[in-house]
């Protein structure tokens, strides 16, 4: 702020005087100028950045100096050569990203009468910008891909059909391959790997139907599990009951009485506990069954469809239930007989009801042939059950056909005589020097 001379300012405590009006030229003389600044020393300023010495100016130029005249006027020196180019220095925008200014849209030219100018019609052979757009080309490419077999498309054929350059096709395939919708199957061949294009339109209905069937199968499986559990519990109670153990057998008539077994081949298997049964995959030609047991022998019988029965009970009377069919062992003579050793017969089984024509004979005991020792008796290998004491008709003329031959006396373990030792049990083996040592 410029202040006037002190002579013009009123002193404190004095009455201000009226200053006559003066013109600006009278107030500020023409020879008055700004005071000259005193030169500062070189150590007064501290350089912030290392500075290099400016290049020496060419002779006759004044580009690096701005001399002041006696009245503070800038003196410009004209260069001897070419004039320097004018450059606008943006000191405030250093380090900021340059944002291009949005150009002001130009308004449409409107005729004086207010009607828009008519557009110039294009030639019929010229394509519009929409026809050559990448979006429309992608739609056409996807349509060709959907019509191809197994989703495999030849890029050369697609470029010919779409009438475009091959690089335009590559622009589409690069994007689709990047989002994992297609994959390169071979050279110039791609395959669609996405979903939704080649799916059956009736798939949702089929999926719903399969879900309903799966639900029904789960209900059926649950019902079968309950039945299996109930049958297992009933079978456990049946087998653990002592009164039912003696009746744990089935007859031929019982098997043939089952309606589902009619006109079918029935094979009866009598196996010890823990017998393993394996049935491989069934084929149309044959059926294979594998039985394996480590607890004892397995007996297999065939139940024929037709059995020859006697004409009438009066023509051929039934034998007594107290007698059994003679076995091959009983036909051989024996040196001695022990009447105290008896085999239980079928007399304990209730006899059939008597008929008016013939009364049942009184029960009797038939002694079996005994040997010198109990070890010489052909003891059965399996525990005797109630089915071994049936009537003679079922025992002698049983309709069951055994697949294995009947056992003879050579298949049993016999005892030793008085003059025989333990080595006689191994007479069929050549032990050599083992007996000497």
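Numbers here mean position along the shown chain, with the first residue as 1.
Cβ atoms here come from the backbone N, Cα and C positions, even for glycine.
The shown structure was predicted, so the numbers you read here are calculated from the model rather than taken from an experiment.
Note on Swiss-Prot: of 65-105, 106-146, the range annotated with the feature region 'Cyclin A/CDK2 binding' is 65-105. In Swiss-Prot, the motif 'DEF box' annotation falls on 160-196 of the listed ranges 12-48, 160-196.
Note on the motif 'DEF box' (160-196): mean pLDDT across this stretch is 85. Sorting each residue of the region 'Leucine-zipper' (155-176) by its DSSP state yields 19 helix, 0 strand, 3 coil.
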